[in-house]
């Protein structure tokens, strides 16, 4: 963990120096007189985006109803449906500040202009009862609605609903009556007025009120006002009664009650023929008409009537109008003047438009008040009511906004009803904003939007990525955010001000990506290292090949999943805990790193002057993430050292062998406690207590090893498995790297060509008012004396006037110079003269704008804005482009001393088209060249021995992401193009760096073996499995990020206020997709570049598959040429200790045949008992032993026992077998056997005269067991005889011999099958090997029938069987020996690791004690799964957890495949001629 070998710390130091070097260079570039007054900067809004607002006298909401089939909507059916829509809008109510408002409160009412001819001061002088009368008339005035129903009488019903002409008349009458009583007093007579129509009440009370005498109300004024009231009453009266959709008469409203009356009339007619004639029904309507229920089918009946235009049958009551002729004229109706002439604004053709046909769209315009007009109306209402007005312009704007949203919701709701779907009419609110005035998007809304996006992404990553420690990761994410914002505010403010613009959004996006990436990296590192520590396993830390595990990609997917569950932890542990200085820096890396500074400075100075702010946005997150990762590694390293020290002390204290009672205590779980254990028990218990179980427990019947994958969230685990499976499939394609790399490079070349293709963009139609160009200077807190500012402005004015094609409209600087020459007598009073000039010439305030004056004598107000106005002499496109280019050069020249900004229609249009896009291509190519060099240097320093081809390909494809996005931005002429390309470059680097470094690290581990201590065991016939952890991490990161931005894009497309963010969000999604695609190409192409090197290394250096093969080849080379004819040295004769034991369950079981067993047993019966037969080996599928006696004619089947051969004779079959020493008991001999098993057979010899008594006891035991097995052996012999009668004895004998040879070869082959990550198991001794010499103890395995095999899930193991099966001194240590004390032998460990203990599901038998548990019992992260039981039958009762049907289908498919394989193998054996 030294600094010079830690690349993470070195990268942090380099990034820090680069960042602060750029900041220091920027400070030197500023004026030396610059002095910062405020410690914390201020924020100034310059507008993030530009939107259009309405500039008319009132707000118009347009509603369009379109017939999808293009049918002419001038019909009864569509007018009726349109009337229902307006009826719903008229009853629309919203809740605003604990009060209810309707359309009548916010709509514009043109009739009230009749009373606005006099001034407001005159109206305030009216008596209170007159003011009350005028206020109520204003409330009853109809709203301005432009609709085709204005041509019909139906509009009066709608206005009656909106203005409450027929509702709340009692309340209206009471208000007018109270104002009248207040005027006349208590003693006068009170008139009685009663009416259900609001305008009638106005007329009646107006007659009474104007009869009252008033001193302030003269007769002339009274008469004039009374005439206006009559005019108002006349203006709202209808002129003719033409109904759009009448039922009985025009006065009948179109509501459900009248439809209900019609339904009642239809239901009263029982005869369908009469009903059909009277109501003009069709044949298809018979079922509906006869089964009609007016209560239950009310809504369906109304819609059915509208579809069939059932109102035609009432044509005798009201004449059907000519709809095309009526609606094409001037349809004012309620809106007309005194002469009854129509107003042009209400022309009928205005209400129709065309999409598919001429009249398939019906339009309605509802006019609303502006916030200013609404504020005035509300204040006047509060004044008349005697309330203190609380209305402000902000509240008025909020009320208008809420009502417009409610109007859109109501329209959308109406569009989804059943009637609209039947007649296929779509209703929507049109966007009718007038593009006359530009207004910046609210910075408050933008800040809220950014915060919500931040929160959305953090929530998704917390759930799906940071599942190991979600709260801790989220907390560190926000800590990095806070520190970055704090540093940005201090070092990136311009003159103490941070401008809220699109550049700030770019820095926020860069911060978000970097912070998410570093937080994810830290979370993964900490989680994986903690799992390695929890296992307390001794990793091979002295080797760099801990993670070099090979697996055949064509093997079972479950084996691949099992391998993947360990490779992540092993690789993380190897990278962190390796003692070797593997990732060392290349030579001269210090000198090479110095080149980074001038390259970055060139890019900052000539290309992007804001690159220092990008570095500031990344620096805090990078530093904190690096520190967090190093701290975690150091902490886990110390914890690991403590565990290893503890294990060494335990091994030293328990080195002596445990026998007798100590052995019983040990297997009972009572471990001897030492002083060291007492000292460390507190620490170990705290470690285990703080750790959570990482894996799910496997049930005894399951074989799904994917549950071992340590990803707590199921979706994340499944996704990573899919990504890894796809990656493994891609690795099989040898030419895929070339197939993908060539098109990727061609796409970059094509993108470069697209940057120079002239794209036709929109042309601009201008008038004389759009020819002006304004040069503005915004100087925020510019603390210099006025003389320097004036000199800079004077120089700029001279430079811009040197452009000959511009003429000056206003130049405040020249005006000030003339004023200064006339009044300036003292050179020290220049600042005071400026303020005097501003105050004396107020006309200049339109040119010079400022908000407040500073108190000091040497400072300028904040903000202080200067404006110079010029005009274009020539308006042709070529001249304007040349002027724009000259202005851009002048603005860039003065950007250091001033902050000039050019605005204007012509300038902005041609600047975007001509200047920006022409310079954009050269800018991107220059940026690409600089970053290719920079990324190559970074790769050379921080990667592991990169090749030239791989480095160039990585740099090219990372920069290719930027070029491809730049071409896309160029083709679509998108704004903020520089922001998109910078983000593309940053995202491309993040997506490709980790997988690229992992590939290079893997390459060095394979090819640079001289720097390691061991040789990796790799199979030359299998493809090398590349590191896939980094690829899966990057895929999970970017897929979730793309998902978050996709959700954001959907929200932006739905919410109208966020539509302006839709296009930037889509561009960000495209950037991430392109970055991930190029990252995949980098990984595949880089892998195939050095794959040939790896294959050459395997064939040339290893010369085979394993280390043992390599040793054997070396021995063969050293043999003399003269001894080549001697017998070859067998590989199994070398005493080569394997690195780790083979896997027990990955080798498939041998094919088993019942016929073989029956023939074998019959042959044994008929054979000569005195003739010695071959000793069969133990089959992997059977656990019983068959013992043959040398002096007996019977076979003994002893379950779970081995035959002991002492002095060349079988103990189980010969009663006269001699034991070592006369008079020795069985217990003494068994103790001797145990001592022999502990010391090894080479260190203990038996005497052939010992053990007579022990042999007798053993013989008695065998006799008893022989009697118990007599019946079964007899039945088996009878069955064998029946089979042999069908064939000749000689053929059976030959066939049996051939089958024995085939089974023997299959056993040898099965024994040598390799596990997924280990070399082959050495073969056992040959079958025909002679018996060993006298005086040695050997174990001979025999085959027992299938019926006597122990069920490891229900029957406990036998200690004697473990001792007999695992006491061979040639066996390697048990693979789980490191989880038990050092004194535990292999049989003891095997007994403790039996499946009965590790997968126990039931209760223990009485008297049986559980053996000692391993060290990692409570936090074991991987366990060898049990073999799959294809004969498993589910229990009859229902399981506690529902099992899907797909699981049972999969089980049946496996069983069927297994049976087919067995049948094919059996048929192959029968068809073999040798058999």
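From the backbone N, Cα and C atoms, a Cβ is placed for every residue, glycine too.
Feature annotation from Swiss-Prot assigns transmembrane segment to 446-466 (among others); the stated evidence is sequence analysis.
Counting same-chain residues at least six beyond the ends of the transmembrane segment (474-494), those with a Cβ under 8 angstroms from any Cβ of the stretch are 23, 40-41, 454, 458, 462, 466, 507, 511, 515-516, 518-519, 522, 612-613, 616-617, 619-621, 624-625, 628, 780, 899. Annotated transmembrane segment per Swiss-Prot: 474-494 (among others), in sequence order, evidence recorded as sequence analysis.
As annotated by Swiss-Prot, transmembrane segment applies to 496-516 (among others).
What Swiss-Prot records for 589-609 (among others) is transmembrane segment, and it gives sequence analysis as the kind of evidence.
Beyond the transmembrane segment (737-757), the same-chain residues lying 6 or more positions past its ends with a Cβ under 8 Å from any Cβ of the stretch are 920-921, 924-925, 953, 956-957, 960, 963-964, 966-967, 970-971, 1078, 1080-1081, 1084-1085, 1087-1089. The transmembrane segment annotation in Swiss-Prot covers 737-757 (among others) and is backed by sequence analysis.
What Swiss-Prot records for 902-922 (among others) is transmembrane segment.
Per Swiss-Prot, transmembrane segment is recorded for 928-948 (among others), and the stated evidence type is sequence analysis. Residues of the same chain lying 6 or more positions beyond the ends of the transmembrane segment (928-948) and with a Cβ under 8 Å from any Cβ of it are 7, 10-11, 583, 585-586, 589, 592-593, 595-596, 599-600, 602-603, 607, 954-956, 958-959, 962-963, 985, 989, 996-997, 1000-1001, 1003-1004, 1008, 1089-1090.
The transmembrane segment feature in Swiss-Prot is assigned to 952-972 (among others); the stated evidence is sequence analysis.
Per Swiss-Prot, the feature transmembrane segment maps to 979-999 (among others).
Note on the transmembrane segment (1034-1054): residues 453, 456-457, 460-461, 464-465, 513, 516-517, 520, 716, 719-720, 723, 991, 994-995, 1061-1062, 1065-1066, 1068-1069, 1072-1073, 1075-1076, 1079 of its chain, located 6 or more positions outside it, place their CB under 8 angstroms from a CB of the stretch. Residues or ranges marked as transmembrane segment in Swiss-Prot (evidence: sequence analysis): 1034-1054 (among others).
Remote same-chain residues near the transmembrane segment (1060-1080) are listed as 49, 51, 441, 449, 509, 740, 744, 957-958, 960-961, 964-965, 968-969, 974, 976, 980, 983-984, 987-988, 990-992, 995, 1034-1035, 1038, 1041-1042, 1045-1046, 1048-1049, 1052-1053 (criterion: CB distance under 8 Å, separation of at least six residues from the stretch ends). The annotation transmembrane segment is assigned in Swiss-Prot to 1060-1080 (among others) on the grounds of sequence analysis.
Swiss-Prot lists 1142-1194 (among others) with the feature region 'Disordered'.
The compositional bias 'Basic residues' feature in Swiss-Prot is assigned to 1178-1188.
Feature annotation from Swiss-Prot assigns region 'Disordered' to 1267-1330 (among others).
The compositional bias 'Basic and acidic residues' annotation in Swiss-Prot covers 1276-1310 (among others).
Taken from Swiss-Prot, the feature region 'Disordered' applies to 1424-1475 (among others).
For the transmembrane segment (589-609), the list of distant contacts is 10, 14, 17-18, 21-22, 25-26, 923, 926-927, 930-931, 933-934, 937-938, 940-941, 978, 982: same-chain residues at least six beyond its ends, Cβ to Cβ under 8 Å.
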